[in-house]
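**Q** Here it is: the structure, laid out below.
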Amino acid sequence: MSVHEVNHPLVKHKIGLMREAGISTKKFRELTSEIACLLAYEASRDFQIEPRTITGWDGSKVMIQQLKGKKVTVVPILRAGIGMLDGVLDMIPNAKVSVVGLARNEETLEAHTYFERFVGSLDERLALIIDPMLATGGSMAATIEMLKKNGCLQIRVLCLVAAPEGLAKITAAYPEIDIYVAAIDERLNEQGYILPGLGDAGDKIFGTK
């Protein structure tokens, strides 16, 4: 599979707005949700459809097309991933929601799990992991491993900004997984933050410091 950087003008414009130092919590939250919706649109391009006959407004039979049996679970990585959830569900409203809670050790940059709750029948579902920032790739790799351990066979990743280091880690370990990202930035700093990045996405979404 591969990395898909979404080069749509609206996506690039919105990511640019999110980089402003003085952006408000409200605006950052809104833009996160809007870009998540657009990423979900891109990630669902290959969903299969099938014909169905319905009764139209005037009582006549109308042939329409509808999604064909694609079961989806959206998997936000707490806490920042919650900021993308509504945007993805706006596009895929029937998706079930699984949750993974991970905390990063700021000294080692390793991810530690403190919560996980998955929906049933993961082996029949496509999992869309959502997290605004793909930095070192530690949290994403841990989430992928948890999904696989619970039987999930189809996984895709949606994130706003990714660092080359994180992308390299995930694509090397999981070449079968597609990654959809709004922007690929330059590098990580010594603290494991993406540059130029967005700052701490969780703090900006929740208004904490």
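From the backbone N, Cα and C atoms, a Cβ is placed for every residue, glycine too.
Taken from Swiss-Prot, the feature 5-phospho-alpha-D-ribose 1-diphosphate binding site covers R79, R104, D131, P132, M133, L134, A135, T136, G137, G138, S139, D200. Sequence annotations record features per position, and here Swiss-Prot assigns uracil binding site to I194, G199, D200, A201.
Are these features on the surface or tucked inside, and what are their neighbours?
**A** In the three-state DSSP reading, D200 (uracil binding site) counts as coil.
For G199 (uracil binding site), the same-chain residues that are 6 or more apart in sequence and have a Cβ closer than 8 Å to its Cβ are Y193.
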**Q** Out of I194, D200, A201, the binding-site residues in the record, which is closest to D131 (5-phospho-alpha-D-ribose 1-diphosphate binding site) when you go by Cα distance?
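**A** Closest by Cα distance to D131 (5-phospho-alpha-D-ribose 1-diphosphate binding site) among the binding-site residues I194, D200, A201: A201.
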**Q** Where S139 (5-phospho-alpha-D-ribose 1-diphosphate binding site) and I194 (uracil binding site) are concerned, what is their Cα separation in Å, rounded?
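**A** Cα-Cα distance, S139 (5-phospho-alpha-D-ribose 1-diphosphate binding site) to I194 (uracil binding site): 14 Å.
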**Q** For the 5-phospho-alpha-D-ribose 1-diphosphate binding residues given in the record (R79, R104, D131, P132, M133, L134, A135, T136, G137, G138, S139, D200), what is the largest pairwise C-alpha separation in angstrom?
**A** 17
**Q** Starting from A135 (5-phospho-alpha-D-ribose 1-diphosphate binding site), work out which of the binding-site residues listed here (I194, D200, A201) have their Cα within 10 Å, and give them in sequence order.
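**A** Cα filter at 10 Å returns I194.
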